[in-house]
Amino acid sequence: SECNQEIALTAPDNKSVSIASPGYPHGYNHSLNCNWVFTSPAGTHLFVSFLDINLEESDGCVSDRVALYDGMVLERDPPDSNLIGQYCTMNQSHLTAQSSTNTMTLKFVTDYFINRTGFEANVRRICGGQLTEPNGIIEFNDTVVTSERIWRNWQRECEWNVTVRRGRTIEVTILNIDLPDKSDTTCADHYIFLRNGHERDAPFLGDGKYCRQELLETLMTTGNKLNVRMSARGTRGKYKLSYREVSMDCGEVIELIDGMKQKQLTTPRYKNPPPPYTECTWKILAPTGHRVSLHFIDRFDLTESTDCQKEFVEVRDGGTDGSQLIGSYCGSKPPSTLVSTGNMMYVHYYTENETPADGFKAMATNDDICGGILRETSGIITSPNYPGTYPKGQECYWWIQGLQYHSLKIEFTDLSFPICYRDCNNTDSVHVFDKLPNNDSLLEPRDFHGRKVPTVFNTLANEAIVVFHSEHSTVGNYRGFRLKFTSTRNTCGGQIEGLSGTLKSTGYPSARSSGIYCKWMITVPPGNHIKVNIEDFDTDFTTVHQDQVRFYNEFRFKSRIPYDVAANYQREVLSSSNQMMIIVIAVKGYRGISATYEAIPGAPCGDKFEDINGTLSIPSVLPYSERSFYCEWKLDAPQYMVESGSQESGVTLALTVTGSLGSFRKETQHCTQKSMFVRVFAGTDDIGEVCGDLT
């Protein structure tokens, strides 16, 4: 209708349009809600010149009004967030205004009362605007002489704000500068001006102002925003530049060919968080006829979110982002080994978080690497080519990770190897190793060869390593093996919170039919520490080793509490802070352990504070001053500072460390291998650590 129109000023010969209120200049109707929506090409915006405004005047223009909004705004009383301006008085005739984008709504609203002649305006598109595409061309062509440029000092200026995705930078290349006055070296009248950001005081990009004829080197912003301003005065000139979005330098094409069997890939800065909004892609290629396997190893830490939308690693069965999706993963539990059906795999990591999690490390392998990681509650493992003949000269490794606090039940359903009568070290076989969590060393293996299927057995903990080995000189055809694994129902250990409790190994007080690994992680309220009373510990003290019972002041295996495992074992164990981890290996034929714990007020160190300042100190009393300790303090701003809103203006924490930390004789910030250090976190983000002599 005349009152509601969408007008596209996009064609080369369609740069402006005149509009007026319905009935102008003879008057308008009551209760109108008219909307004109204007659009222009990307990189331009819209300029409005009011020729006449004659409406019912009121304070705040609450009666009749003409209003301008960025974007498409059609409701009668829209919010002010996109408002450019609203007008209703005669002295606003000949006023001008412009949009910040290439879409603008002009809204005309009237009430039930006084009507006047209305308004008349001209809308035209002009150069400059917002650009959000990942790449593009910005061009300024002022070579056509028009009547409006007959004045020598006539000046035209255009400005663009370029925004690409967060976490990216912008590469800028000046393609052409063609100025009428080749001798102008001052860049006074004709120039391109570049800023490293949108703000008027943003730093210059490169030299900032450019007007030379020579083409320049590529420029690169430090963030995802660029401001471009082009100017000409009087005589004509032409400028042209290109920009493109640049991702962080991560990801690559990995070719597992010509003897390269494996390649590691990690998120940037692993094991620390990558920069915000990082995106990486890896394309992995194996020889034709081979497959690609991806094994997530070490720590896996991606922010958990619904459907893994905020931060994820996705793996595709092929070489492009359109290949069949194998899976998208986040959180702290990585998937088992992923295998392609062909010779290509595509891996894509993305985070849209300001503070990403620590990321991941993975190993890509081709078929020359045999085995994998199985993070499952149950599964089946077979030798290569089973039930056909396995290949000669092969070695395969499988790492089984079952449910935490459970053990694994291993059942062989088939075994077909050469029979060994004497020296069995160099014969085809399969070995099963017990692996204890957070411990790279393996216990003595169970070795299997020949054709007799072994009885079912349980591992100590929830992890095991299965190794298949075949000799080059094997004579005859053999199937190899097939085994099933399942996580057992019974648990031993767990996470415990509360002021007191009881700890017992599975099956206590009955003697165990098999060994089991137990781990308890106890947390009591801040300001307390933990006392454990061992009521009974039954094991074979003639063969016991010191790792069979371990106590730690924390959950990362860093601060071990001294404890002597012997027949006259110590009955009481104290932590330095409000955490304690207990590791017990209950062996076959013995009862295991029974103990209680309780929270004791007045921890030697560690607490929660809401103060504006204070002092923290490490333990100075026995036994803590002469042994390993772990202290954790949680420091929050006082509530009145948070409620006053000062948090938004920057409530910060300053921490000064003095004294001597460890035997290192000078201050250092490289504390990874040091036995004593102070580490500071902001929430979960590790922001720094110090150690050495800080006096």
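Any Cβ shown, glycine's included, is placed from N, Cα and C.
For reference, TrEMBL has these:
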{"type": "DOMAIN", "residues": "3-126", "note": "domain 'CUB'"}
{"type": "DOMAIN", "residues": "127-246", "note": "domain 'CUB'"}
{"type": "DOMAIN", "residues": "250-367", "note": "domain 'CUB'"}
{"type": "DOMAIN", "residues": "370-488", "note": "domain 'CUB'"}
{"type": "DOMAIN", "residues": "492-600", "note": "domain 'CUB'"}
{"type": "DOMAIN", "residues": "605-695", "note": "domain 'CUB'"}
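Secondary structure of the domain 'CUB' (3-126) per DSSP, as helix, strand and coil residue counts: 9 helix, 58 strand, 57 coil. Using DSSP to sort the residues of the domain 'CUB' (492-600) gives these counts of helix, strand and coil: 3 helix, 55 strand, 51 coil. Per-class residue totals from DSSP over the domain 'CUB' (250-367), listed helix then strand then coil: 3 helix, 56 strand, 59 coil. Confidence across the domain 'CUB' (605-695), taken as the mean pLDDT and rounded to a whole number, stands at 69. Across the range of the domain 'CUB' (370-488), the DSSP-based residue counts are 0 helix, 54 strand, 65 coil.
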